[in-house]
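Residues or ranges marked as coiled coil in TrEMBL: A:2-54. Feature annotation from TrEMBL assigns S-adenosyl-L-methionine binding site to A:G121, A:E144, A:I145, A:N181, A:A182, A:C201, A:T279, A:E280, A:E281. Sequence annotations record features per position, and here TrEMBL assigns active site to A:D204.
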Amino acid sequence: MSEIIKQEKKLNRNELQKLQSENYAKRQNYRQEREELRKNLKHVRIDQEFLTNDKENNDNDKIELPKKRFYRQRAHSNPFSDHRLEYPISPNHMDWSKFYPYYYDEINNKMNKQVTIADIGCGFGGLMVDLSPEFPNNLILGMEIRVQVTNYVEDRIIALRQQNLNNDSTNYQNINVIRGNAMKFLPNFFQKSQLEKIFFCFPDPHFKQRKHKARIVTNTLLSEYAYVLKEGGIIYTITDVLDLHEWMVKHLDQHPLFERLDEVFEKNDKCVEIMTYSTEEGKKVERNKGQKYIKCYKRLPNP
Amino acid sequence: MKHPFQLILSTGNLLFTATKNELYVFDLKSGNKIGEWIDTFDSTETIKEKVKKEQERQLKENESKKSKTESLEEDEPTKKKRKSNNSEPKIPTPGEGAPTIYNYIRSLKLSNDEKSLIIITDSDKSGIVFKLDLSNKNNGNILKLIKRQPFPKRPNVIVTSNDDSEIVMGDKFGDVYKIQINDPELKKLDSESDPLLGHVSMLTDLIVTKQDNDQEFIITTDRDEHIRISKFPSSFIIDKFLFGHESFISNIVIPKFNNNQLLISGGGDNFITLWNWVKGEELDRFQLDDLIKPHLNELHLTPSRFQNEENNLKEYCVSKIVALEKINSIAVLIESTNQLFIIKISDNFQKLELDKSIQFDSNIVTITASYEKVFVGLDNDSNLLTSIDIETREIDQSNDIINKVQENYSVEVNSRDEFYPLYTTYQLRKRSEH
């Protein structure tokens, strides 16, 4: 009797292993395919011209949206470690034309627009995708520290751009993502007073007290956000963790360069609505019927 | 044999030296030792306290966990006896093969009025302020300890504010705190205290300075190539960044000539940069490769994990820059070399230009400059200290005072193995793997 069970178990384990390795191979293949596509298209201007040139290759096939399950990665990344990151020596060294080729003026050799909205820790990019049609005149940049998640967002944007070439309301040319550590290198990307809006959506809560310095809102980091934000610019925060919410509110309240915005603002601001319902994390909280805590702050002039 | 000086600092009349946990002051008129202080702090007490605190925290956590599970399984008799947890906390002792802990004096700085000395001790992560009581010169000790302020994280750099009323300290966690010197109360600082400003990277150097219009600024540098200029004391207003470095920054200097407007920075890059920090302009870059390449040695080899196949990859970094006010120049030391470069700031304070390269018999550990002299601490068995005349840029040949200082200095070790680390700047280099 026990023999049989043992055998069965063994069989199961073998099967499981087989399944796992199959899944693994599948994921690897998928990632590889996508990587090639990404390499070719990451910095390409996807527009009508692209479509006509690309016809023979793709037979006008639409690039599929990436599948999230192939991009799973550990949920956390240590913001203090020396990751191998690419970041510009200074904002002047940043080549934005690679990220927003549509807004690059080849004749004058400069960008038509600057990035004015930043989504720090953009995750799978849901917020940007929804912001894109709402702010057609703003360039939006997501920053994400996890490699696979960044890859996902890049693939998503490539696919969205290609699929929506003839879409009048939006063609997703005004959003892009960068793998980076915003806590360390935000001023390397943006000039003083460049940004109009910064989003912190469902940031890592870092519950332990000794990890509090790793939180994305601290009184010292707020000074950096104030540096890249222009006067009147807005910081949006949303989280489902009450403890973290109270922490962010406490520090933002204390900071001399920020002023809390009231509920009337929250009710009427379209970003607040998008932020509440569009991010992946926001939808998850919605499904679990969790609470969401929101606060927005305005950048005050320097005293 | 004598242990080389780890740090030296001179005002012209006085020479301060730090080796291990021992601090000495020498009179440069006589060569006599006129002050000494030895850090006898025993860290076991503070460690004990920390362990106890952590123990209490864990107990509390376990208690709350237990009460949760117990309320769920109330019927289950708790068979397991609870350990009596009131035992004395054990001091953790490093196991075999653990790296040695060096408790040394990490920094020597003078206040702006040169009446106080501020140092950092590793043992209790303190900033210490001494008043220099020169009337006590003949009784053997001019150092009068007036404040010992512990910090939550290890301090890396410490200075006084422009009016010398406060100490401003940057730590290895990137935070900067300021403390009133004359406040007799010690400030209770812990991880919840709000710092003056902070980087998300190790703080490597810090200067508090002011412009002609009395507007004060604090300039901070870190391992992530940043030179940040914030207002002082309202440091939440970041004025600007000086971008250009591609590796860590170890040293910044603001010479007094040209109205404090110049700043020279160096570190892991193969150049040093001259800035007008008030305007935020890079004025000049001085390339070091050609000068220093012939003088690199096996100490500069890249660690094996990052080495190439030929095993000939070498790296160097700037470990010290000092201003030579008298001749509008700076002296630059590349770590673990025997060369000292005197670089002139020429062309109406726009250019960096090599004035002279001075070679020594052995590697230089550290340097300091007074108005007339550069003092050089050497990694040498017999000759630990020498001086250069700033006017002639020549090594002083017969120097009775320097010899006397060396005679009066007596930190003895049996062999080189007992040396404390003499070259530490290279450790700041970032080695990211993923």
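Glycine too: its Cβ is placed from the backbone N, Cα and C atoms.
Note that this is a predicted model, so its numbers are computed, not measured.
Shown here: features listed in TrEMBL, placed on the structure.
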residue	record	Cβ neighbours (10 Å)
A:G121	S-adenosyl-L-methionine binding site	22
A:I145	S-adenosyl-L-methionine binding site	21
A:A182	S-adenosyl-L-methionine binding site	26
A:D204	active site	18
A:T279	S-adenosyl-L-methionine binding site	25
A:E281	S-adenosyl-L-methionine binding site	19
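For the S-adenosyl-L-methionine site, whose binding residues are given in the record as A:G121, A:E144, A:I145, A:N181, A:A182, A:C201, A:T279, A:E280, A:E281, the maximum C-alpha distance rounds to 21 Å. A:D204 (active site) and A:G121 (S-adenosyl-L-methionine binding site) have their C-alpha atoms 9 Å apart, to the nearest angstrom.
Secondary structure at A:E281 (S-adenosyl-L-methionine binding site), taken from DSSP and collapsed to helix, strand or coil, is helix.
Under the DSSP three-state reduction, A:D204 (active site) is assigned to coil, being neither helix nor strand.
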